[in-house]
Each structure stands twice: as structure tokens, then as C-alpha cells.
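**Q** According to TrEMBL, the feature transmembrane segment maps to B:45-63, B:69-90, B:122-146, B:153-172, B:210-229, B:260-281, B:309-326, B:346-371.
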Amino acid sequence: MTGISVAFGGVKALTDVSLTVEPGQVHGLIGPNGAGKTTMFNVACGLVRPTEGRITWRGGELRRLRPDQLAKLGIARTLQGVGLFPGLTVLENVMVGAHKHARAGFLSALLAIPTADKDEARLRERALGALAELDAEEYAGRYPGSLPYPVQKRVALARALVAEPELLLLDEPASGLSEDEMRELGELIQHLSGRMSVLLVEHHMDLVMRVCDQITVLDSGQQIAAGTPEQVQNDPAVTEAYLGDAVDAEADAAELAATDGGTQRG
Amino acid sequence: MSDLQTPASAAGAATSDAPVSATAASNASSAQATGGRTFLPRNTLLRHLLVLVLCAVGAVVLLESTDLGFNAQIGYVAYYAIAAGGLTVLTGLNGQISLGHGALMAVGGYTTALMLDAEEPLPLVVIFLAAVALTSLVGAVVGVAAARLHGPYLAGATLALAVGLPGLALYFKETLGGEQGLTVSSPDRPEWFTEAIRTLSGGSPSGVKWIAYISVACLLITYFLLANLMRSRVGRTWRAVRDQEVAAELAGISLGTWRVVAFVVSAAAAGLAGAVLALVVRLTAPTAFTIVLSLSLLTAIVIGGLGSLFGALVGSVLLVFLPRLLRDAGESLDMDAAQAAEISYVVYGVILVVVMLFAPAGLVGSIRLALLRSRARRSARG
């Protein structure tokens, strides 16, 4: 993504931001609240059209594509909350995630031709596989509303993974998780990076610093730093952005300082 | 239609393992839960065919053990249930509301009336297929507009369809018969049918009986096809679009396309319902396809339980028989016919309100919720 700018009416949400997610890498996107992280994310998955800038995907330029078309090209994302379908079982939720792998068409479904059944069985296998990978197989027949929040998040992740995307966009996957669950998540993300690229928006700095290969830092819609975790941590502009925005980002700053080992303070 | 589903969500919240925001009835799972016990075959086609055959046998027994007057009423139930089945797919599964299905039925009805009126009418199957095709086409046009609208706006747009379309009959007086409408000529009764009925029950077959059989056959075929769709990937995708638009889109589902498909399927059912109505009522007139018809269909699916074909059928049966039963009850209490008819509507309305108060997920939906609840309790204990 090169030179992305987004303006909502007169409000500039992003100004000339560029980032590249290399194949097989985990790329972190951080910044204080309101920095434009989520907007950048929405541009990447097609929910928001950039006012300026180009998005290149596997050597070709993406223009004016809707999220469902991007999904078919191999870009999957999780939502900030959970965003599961409340009226579908966990298994069905994940099967919807495998939508682009479905082969049986409308007519075979209408006439219940056995090939449609076979296709369904195939999707079910895939979905159960994705659930097993996230240790959520036992919940397959339950409805999301009856499950604890961390399990719902795992199911949402399974729904994104089952599509076997080449780029996985994770929007605050650690929110609401305990320390242990967060550690597991970190291991999972590192494990996944062997199969796909990951773009991660996250508030928990220790997680970001641990799993990311590259980090882009945004503040007020501007890109203020980019590089490896070490480079970013040692960048004075980053510390200032976090400390300067004291009211909203006190917690973030504290965490950043903590992972710094206190060397950057002052 | 989240506003249509709120009563159900209140009911669902009380359970520990029931869907939260959608109607329980509409959650005919497309994926069998692991280790589900069932006596029916796993293969969808075999399972649905088995149910289809059983229902067909049941219908023949019902039609042959009752008198002609009742046979005729079955015809009414059939066309209501066909249209309600289509509407429950649209509203219950895909979350779109339509106040215009009465008008879509008019398209099917008038097509049938006109084609039967020809010198040498085509075979009935062809006529019905034409009615379905034409209504689907109209449904596709409306569906493209509807896919962009939500909630009250969609209700408004389809309401305009309900009010406007029957007016065409007044405009094209020459062909569509204006206010008086078109009388529908009865289709010829084939020899084999006469023979079959003679050997089956020894009764004398009549035109009414023939039409009752056609209606029931149409109903069964429609429900067979709709059930196939609901249990398949198609049904699951519709429910996903209904529950969480953004998440569905991110999963690669084109919202617009699937909404239009739902509208077309639903319109096709309405077209067939209109065709059956034309045969049963033997008249297609603007007064038969008013907004009242559209609202009756919505009432039927809500009373029965949104998103459930069985619910749509139950709702249609109630819609046809409840007012008549009440009128008869009134007359047996020494009221005169006019009084009984008036009172029956009041009681009918009260019954509908009471059902919605105590079974907010509809009759079928509430029963299903209760089952889910008891199962959840049992599994919590075990």
C-alpha cells in the first residue's frame, strides 16, 4: 500500500501512509487511539476506499474492489469485536468462512443433488479442521451467544483461517484475553506466519514486539515510524507520540515503557 | 430485519444454548451437529424425498377422507402456504421484509388466467412454469432495488409495489379485465385422474378435487425445493447475510447478489402461489391481490415462526381455518350469520395478539426454543 490517504468529509483520517507486508511476515500496525490504524485496516480489506494512493497485491494493482472480491483474492480479516453470526452454530460460522472454497452451485442445492452433499461434507471437514487447530472443536454444535468471549474470539479466528488466506488481517485479536491466552495467541500468530502474511493491529505492546517482524507506527493519521521492533522502540518520535497523548494512551505508554525496560523514558 | 427478530431474541436470551438474536425456527442447521441421532437418512436428497412421499400419502388420505367443501379449502391453504413459504425464506432467512408479495402473486395469477383463456391452452405445467418465470423476472427487478434498502425503507418500497402493481389491471382494461378481473377457465381434468380416484376411493372425481390435488402437489414440490435450499450452503449464506453483513462480506459473500437471489426465489414461490390462487378462486381481480393479502402472508409466517417452512404451513392453516371455525362457533351460539362473522374477526385478532405475547418466536419457533432449552438444561446437568 503506497501513499494511502483517506478523508471523511473534511476530516483527514490518513495522510500519505505506506506499508508493505512481505510474504510470510507478521507486520504490526500500532499507534495511539484515533491514529488511523483501523481506517488503514479498512482500506486493506476494501471496506473503505482510499481518497489517494495505490494498493498493490501480488504485483497487480487493486482498484475499487469490494470486500467480498478481496476475500476471494486471499485476504481475510477478523473484526475488532467478534462479529460472529449469532443465528448460526459455531460449525456453520466457520463453514461460512470457507465460502470461497465452495463448489456446489445454486441448482445443485435446489435439487439436493448428491454432489452438493459431498461439497458440504468437504466444507464441514475443513471447518472442523480449523476449529481443531484452535482447540475449539468441542463447541461445533453450540451457538456463539452461549460461549465465553475468548472462545468466541477463537471461533472468529477459525472462520478467517478456514479460508486459507494469503494475507490475514487481525484487528485487536488480544483484546479481552488473559495473559495466558495472549501468550498462546502470540505462538499461534508466529506459527501462522509460516503459511501466510499477517497484518496485526494491537494495543498490547509486549505481544506486538514479540511476534512482529516489521512495525509501522501511526499518529494522527501520519506515519511517524517504521522498521523492526528494535528500531521502532528506539525511535524518539514514537515515545513522544505515546507520552504526548497522555490521557488516552496512558496505558499504552506504560506498556511501551515497560517493554523498553525503561531505557527510553525521559 | 432485526426489528422483526427482537421478540425471539428476548426468548433466546433465556436459554444457555439457543441462538441469541435470530428466530429459533429459522435456524434449521445446514450442518448436522456432530453425533446427531436421527432415523432419517443422512443424504439430504433421500431424506427430503422420504418426507415428501410421506406428506404426499398423508395429503391423499386427507383429501379422500374429507368432503368437497373441505377439499376446496385445502386449495386455499395451499396457495397461502406456497407464498408464505417463499416469504419466510426471504424474511426469516435473509432478513428482508416484503409487503409486496401479494402483488407478485398477482403476476402469477394473471399470467395463468390469460394463458388458460387461450383457444388451445398449453399444458398446465407449462402455464405454471411461465407464471413462475415471469414472476421471478419481476422479482429480480424488485430484488435489485430491494438489495440496497433496509428495514422501513424496504417495507416502504415493497408497499409501493403492493399498492401500485394491481392498479395495472385497471389501466389495461382490455386484456386484464379492469375492476371485474378475469374469470379463470377450469383446466381440463385428465382421464387418468378420474380413473385413479375411482380405484382409490370409489368417489366421483370433480373439478374441485382435481384442483385440490394440483394445489397440494404444487405445495409439496415448492416446500421440497425450499427445504433443499434452506438445508444447503445457500440457506447458510442467507442467514449469514442476515446476521452480520460486514462479517459475511469479509468472508467473500457478495451481499447484493445473495439478497437478489433470495428475492427471486421468494418471488418464484409467490408466482406459483398466484397461479394456484387463480385455479382455486377461479377469478383474478385487483381486489384479490391487495395489501391485505401481503399482510396476511406476513401474519402467517410470524404466527407460525419466522424462517420455518412448517411454521409457514401452520400459519397458513390458521389463517384459512381460524376465522371459519370462529364463525361456526358464533353461529352455534345463536348469533345470526352477520354477527358471527363480525365477532369472528375480533376474536381472531385477539388470538393473534395472544399468540405473539406468549409465543414471540411464533408457534413452531417457540416449541423449538423450548426443546433447545430443555436439551441445554439436560446437558448442563449431565
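Heads up, the Cβ atoms here are built off N, Cα and C, so glycines get one too.
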**Q** Hey, which of B:45-63, B:69-90, B:122-146, B:210-229, B:260-281 has the most Cβ-Cβ pairs under 8 Å against the transmembrane segment (B:153-172)?
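**A** Going through each listed stretch, the top one turns out to be B:122-146.
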**Q** When you look at the transmembrane segment (B:122-146) alongside the transmembrane segment (B:309-326), do they share 3+ Cβ pairs under 8 Å, ignoring any pair fewer than 6 residues apart in sequence?
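**A** They do not touch: fewer than three Cβ pairs between the two stretches lie under 8 Å.
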**Q** What stretch of B:45-63, B:69-90, B:122-146, B:260-281 shows the most Cβ pairs under 8 Å to the transmembrane segment (B:210-229)?
**A** B:69-90
